[in-house]
């Protein structure tokens, strides 16, 4: 195939992110300067985000048999880039007093972002695997970045070993699927599934192994055991990246796969397996979060439940399913960045461990009322309370479930949401209690004048605005025609 200017434009976000990575690497090799490195990263990610505007003018376009850039890919590229941008902004103040080399964190984050961009535009199992590894491998280093802290090192080792096992399952599953189908392209697999050619035991084992690999990356039950430990041990900005960009990219490619091969969900075994995983993730995630006194662990278990809610829309996979997932992921990214942003500010500058214990937030309202308001809005949004962005996402998922008559899943979703309400309210109540005598962590006095603080206030206002008036988000989803090309 001939490479035209349209192909070049379609790859702009990925090319700009990769170029930023190289420039940052050369800048670090020339002279270490933390602020300069962070600024370069922010400029590069902003340019990559702006480059999506010309990309929309040439979509849908198949750049290679491996990569398809359409409106669907553009929407999720934007979510990945916004998540990365927020994490870089939060990391700058957080890393100011870090005793080791600070600049490499930005290199790893940019590399993982490039992997996320490849993943959301994948239309072939080979590009799915390449994107997934390009996303996962830098995260190993990011999780263990604060290696002076034993928990961070332990989290890094745990995530590396289990992630490698998940990738091995995924790769072996792909090999079995290829042996039976003779194709690795999503469209080719979709055609084979529609013709009912893929029905042997090898296919069942292959799909099962792929489900294990992707289930690990999405921290779905029963592949979730790493999640709370890794969220707790990783530096706060890295936990934010794991909860947002990493999950968005993997779920986007999984949804694309099922949208191109919708007949796969007609397979009773696969449908039942996904339904059981969804119910288990919703109930276990919420029930295990009830007992947590560590906010990062609580948000880790909460993310398991949220991915369970998203599986409901994936299983429905018709009507508004793609739009529902888009709305839910956009609102989930917004609120997760806000919640982890507050934890990051409370832990800034780095002092050996993060402010993740619930008692450290006791009476925060009396010291930092605006920061408390931000955290309150985030908790309400994660709980799916009306007038917050989270409610719109949950409403869409329930609507899709009702449309597809998935009554058991809707029941689990409602029950899970009711349980979730308790532990989100517990965090909120703690913020307004009487201050304790001993205080270990607190946000910097001038937190509201820093880039991270300004961003957090903007996120809280946006979460409230979208809850009251969600039309702009819905119009973006409809105008971008959040439908899959091909």
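Cβ atoms here come from the backbone N, Cα and C positions, even for glycine.
On a predicted model such as this, the values are computed, not experimentally measured, just so you know.
In Swiss-Prot this protein carries:
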TRANSMEM  8-28  transmembrane segment
TRANSMEM  73-93  transmembrane segment
TRANSMEM  105-125  transmembrane segment
TRANSMEM  128-148  transmembrane segment
TRANSMEM  169-189  transmembrane segment
TRANSMEM  196-216  transmembrane segment
TRANSMEM  269-289  transmembrane segment
TRANSMEM  304-324  transmembrane segment
TRANSMEM  325-345  transmembrane segment
TRANSMEM  373-393  transmembrane segment
TRANSMEM  405-427  transmembrane segment
TRANSMEM  454-474  transmembrane segment
Long-range CB partners for the transmembrane segment (105-125) (under 8 A, at least six residues beyond its ends), listed in sequence order, are 13-14, 17-18, 20-21, 24-25, 28, 37-38, 40-41, 44-45, 62-63, 65-69, 73, 76-77, 80-81, 84, 87-88, 91, 95, 131-139, 141-142, 145, 174, 177-178, 184-187, 189, 235, 237-238, 241, 245-246, 248-250, 252-253, 256, 260, 486
Would the transmembrane segment (325-345) count as touching the transmembrane segment (454-474), if touching means at least three Cβ pairs under 8 Å and pairs must be 6 or more apart in sequence? yes
When you scan the chain for residues with a C-beta under 8 Å from the transmembrane segment (304-324), skipping those not six or more beyond its ends, what do you find? 72, 218-221, 224, 227, 247, 251, 254-255, 258-259, 262, 265, 271, 274-275, 277-282, 284-286, 288-289, 332, 382, 393-394, 396-397, 399-401, 403-404, 406, 409-410, 412-413, 416, 420, 474, 477-478, 482-484
Any chance you could find the range in 128-148, 169-189, 373-393, 405-427, 454-474 with the most Cβ pairs under 8 Å to the transmembrane segment (73-93)? 454-474
Cβ contacts under 8 Å made by the transmembrane segment (373-393) with residues that lie 6+ beyond its boundaries: 302, 306, 324, 327-332, 334-336, 338-339, 341-342, 361, 364, 417, 420-421, 424-425, 427-428, 431, 456-457, 459-460, 462-464, 466-468, 470, 473
Other than its close neighbours in sequence, what residues sit by the transmembrane segment (454-474), given a CB gap under 8 Å and a spacing of at least six beyond its ends? 86, 89-90, 323, 327, 330-331, 334-335, 337-338, 341-342, 345, 370-371, 373-374, 377-378, 381, 386-392, 448
